[in-house]
Amino acid sequence: MAPCGLGSSLSLVLWAAALLFVLSVGRGLALPEICTQCPGSVQDLSEVALYCKRTPELTLRARCCLNGEGTILGLDLQNCSLKDPGPNFPQAHTAIIIDLQANPLQGDLVNTFHGFTQLQTLILPQDVNCPGGINAWDTITFYINNQSCEGQRNICNSTEDPEICPENGSCVPDGPGLLQCVCADGFHGYKCMRQGSFPLFMFFGILGSTTLSISILLWGTQRRKAKAS
């Protein structure tokens, strides 16, 4: 017969393992807020649903198509009465297909898609322009109730300005019609003109000491006020 202490320890270990498993499952089941921004689920015949069902590893949950790691590959927010995609929209920057049709969207959507470099299909209301225009997509097709922007182009390859980035920087896409200049290894700062690595330790050291000094000053001021009252 095993000693009582050993049995208790084993039970505690098993209990802790079970708790960790439950917590990990809970985290895995958690949906990004953008997936539940609009009530209901993806319609069976929507483009997002059809895309998701073509790959067995993908699953439809609420308004999103997710892979096994919970990454958003499809987002369907059609008919959600949206005037703009909302603050949680960047959570879907990994999406390959997004449907925003049947929404009263207002304003220019160009800056809305910063970082959406994987996007290949975007379905919009007919009166809303594809972000970046015709230069940002291989095909723009108009239908009776919507329009489809297909095949995001690498704007860095189509720009006519060879000097759009500084000498020590390179152009990388940043979404439909968007680009950014990234400094080459060993360069940083304005126009990538500073050579050498960025002084992280010095930067955070100065930031930390400044924050600490301000905190001590505010604490002392509040303490004097409290004593005076």
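In case you wondered, yes, glycine gets a Cβ from its N, Cα and C as well.
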Which one, C181, C192, is listed by TrEMBL as the other cysteine in the disulfide with C183?
C192
Name the residues of the same chain, 6+ apart in sequence, whose Cβ is under 8 Å from the Cβ of C183 (disulfide bond)?
N168, G169, G189, C192
Across the domain 'EGF-like' (152-193), the model's average pLDDT, rounded to a whole number, is 87
So if I draw a 10 Å sphere around the Cβ of C192 (disulfide bond), how many other Cβ atoms end up inside it?
19
Mind checking how the domain 'EGF-like' (152-193) divides into helix, strand and coil residues in DSSP?
7 helix, 13 strand, 22 coil
